């Protein structure tokens, strides 16, 4: 667990007393918005509304502070490690995507400003082979980027009929992209044809969602999973035919 730094001690009889927390890392000064594991080493990276990205070496049990800090100008929204672990993509409350060298902390951005989104970038994820990465933005577009040149190679304009994009990620084979939007719809896109193959509907039946919620697959990509903020349940569909499955109780409030 990563927590912002607070004054005083954490009580063993508090609300988290029954949860199996094995480590707690403190170093942020405000809300933690995103975390990700290094693909090869025992390193955890986190982003926060305190406008920092912090890397923790959790192989050292006594260490609770970050071993490295990357400072941003805006609150951090999303992170994605390069599959090799040498680079880290960072998005903030700004249209420009940052690529960091993890070792040197050197920052790179796309050489063509016109390739960038026009609003906050909500999510970013590498494909498994690192040849591409995908982003989703409040501007309603999903963009696919070359993993070497950092140039945009494809744009799905108004992917959710103009609604802000909450999440975007590749399937493991890199041929498809799963997206979710503030319209409470999840979509599966075919990369080669730039078209939506399947729309997973039925979540958020009481109206448009208020908070950005991310969609994902289960471990073998047989099912699509998407939290419903209105009911506090987990919606699930058959990934191949979009058949709606029963709601799963999450056991805790989403927000």
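Cβ atoms are placed via backbone N, Cα and C, with glycine included.
The feature repeat 'WD' is assigned by TrEMBL to 25-66 (among others).
What TrEMBL lists as repeat 'WD' is 114-155 (among others). In the repeat 'WD' (114-155), helix, strand and coil residues by DSSP number 2 helix, 21 strand, 19 coil.
Model confidence over the repeat 'WD' (158-199) stands at 96, taken as the mean pLDDT rounded to a whole number. Under the heading repeat 'WD', TrEMBL lists 158-199 (among others).
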Sequence-remote partners of the repeat 'WD' (158-199) [C-beta within less than 8 Å, at least six residues beyond its ends]: 119, 122-129, 131-132, 134-142, 144, 208-209, 212-217, 221, 224, 226, 228, 237, 239, 241-242
